[in-house]
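In TrEMBL this protein carries:
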type	residues	note
TRANSMEM	20-44	transmembrane segment
TRANSMEM	64-82	transmembrane segment
TRANSMEM	103-126	transmembrane segment
TRANSMEM	132-153	transmembrane segment
TRANSMEM	254-272	transmembrane segment
TRANSMEM	331-360	transmembrane segment
C-alpha cells in the first residue's frame with residue numbers, strides 16, 4: 001500500500017512540459033533530426049536559411065536502409081548476449097530484488113571494429129553511409145516509434161512494482177513519452193540497458209567512420225579536422241563503454257521508464273545528431289594549423305579527466321567550487337569537438353548548444369531529486385557549494 005501511495009504522489013509530477021510537451025516533442029524532434037541532416041548536406045549549411053533545404057520525398061526512403069538498421073541491431077543484440085565479461089547487479093528495486101546486467105559493451109565495440117575492418121578490407125564502400133544518411137535516420141526514427149509503442153502496450157501486463165514512478169500517470173500521451181515500465185525485459189535481455197549504450201552509441205562511431213571514408217573518396221585522404229573529430233568521439237564512446245557499469249546508477253536506468261523519450265534518444269537522436277560535425281566536414285572541409293590542432297587536443301584532454309559516466313574529479317578540489325565539475329568537462333569536450341569545423345557556421349556547434357541545455361536540465365532534475373531525498377542536508381550543501389556547473393557563472 002505504501003508503494004502505491006508513493007507511485008500516486010509521483011504521478012502528479014510532470015516533466016518536459018507535461019502532456020503538451022509529450023505531444024509536441026515526438027513530432028518536432030524527429031523533424032529536427034531530418035532538418036539538421038538536410039542543412040548539413042547543403043552548400044550553405046545555414047540553420048536559418050529560408051526556405052529550408054528539405055530533401056524530396058523520394059529521397060527519404062531507400063530499400064537498403066532498413067536492411068542496414070536491422071542487421072546492425074541484430075549484430076549488437078548478438079554481441080550483447082555473448083557470455084563475455086562480468087555480470088553486475090543493479091540497484092535494489094522497489095520489490096527488494098536486483099537485476100543482473102552483462103558488462104560487455106567494450107567487447108561489443110571491439111568486435112564491431114574488427115568487423116568494420118574486415119568490411120573495409122573486402123572493399124565495402126562505407127562512404128555510402130553519407131549518401132544514405134537521411135533514409136537511415138528515417139528508419140531509425142520509425143524503429144524508435146515502433147519500439148515505444150511496443151513498450152507502452154506490454155507495460156499493461158507488468159506488475160505494479162515494475163512500473164516507473166514518473167511514467168505511470170494515466171495520461172496515455174505522457175506515459176508513452178516517458179515510459180511506463182522501468183526495466184522491460186524479454187527473458188534476460190534488458191531492452192533499455194541494451195539501447196542505452198549499444199546500437200546508437202556504437203552506431204555513432206560507425207557513421208563517423210563512414211563520413212571519413214566519404215572524405216577519402218572525395219579528396220584521397222582524410223583531413224586533420226576529420227581525424228580529430230573521429231578520434232575525440234571514438235575516445236568518448238570507448239570511455240563510456242569501458243566504464244559501462246557506471247550507467248547502472250544513472251537516472252536513465254534507475255529513475256526513467258523506457259518510452260519514446262529514451263528509445264528515440266538512443267536509436268535516432270544520438271547517432272544522427274552527434275555525428276553532425278563529421279558530416280559537416282565532408283561537405284565543408286576545413287584546414288587546421290598544427291598550432292590550432294594542438295590547442296583543440298589539449299582542450300579535449302580535459303574531458304579525459306572527468307566524464308559524465310565516470311566518478312573522477314576534473315581538477316582536485318573543484319567539487320568544493322561547483323556541484324557538477326563533470327558536466328563542465330563535458331561542455332569543454334563538446335567545444336573541442338566543434339572547433340575543428342571552424343567558426344564560420346553555427347551548425348557544427350549544435351551539439352555544444354544542445355548538450356549545454358541538456359546538462360542544465362539534468363542538473364535541475366538532479367537537484368530536485370536530491371532535495372527530496374536529503375532534505376535540509378541538501379540545502380546546507382547548496383549554500384556551501386552555490387555554483388552548479390560553471391564556477392562564478394552558474
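Including glycine, each Cβ sits where the backbone N, Cα and C put it.
What you see is a predicted model, and the numbers here were worked out from it, not measured in a lab.
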Determine whether the transmembrane segment (64-82) and the transmembrane segment (254-272) share at least three Cβ pairs under 8 Å, counting only pairs 6 or more apart in sequence.
no
The transmembrane segment (254-272) versus listed stretches 20-44, 132-153, 331-360: most Cβ pairs under 8 Å:
132-153
How about long-range neighbours of the transmembrane segment (331-360): same chain, 6 or more residues beyond its ends, C-beta under 8 Å?
36, 39-40, 45-48, 224-226, 228-229, 232-233, 236, 273-274, 276-277, 280-281, 284, 286, 288, 292-293, 296-297, 299-300, 302-303, 307, 324, 388-390, 394
Please report, as numbers and ranges, the same-chain residues at least 6 past the borders of the transmembrane segment (20-44) whose CB is under 8 Å from any CB of it.
52-55, 60, 133-134, 137-138, 141, 145, 171, 173-174, 176-178, 260-261, 264, 268-269, 272-273, 276, 279-280, 283, 347, 350
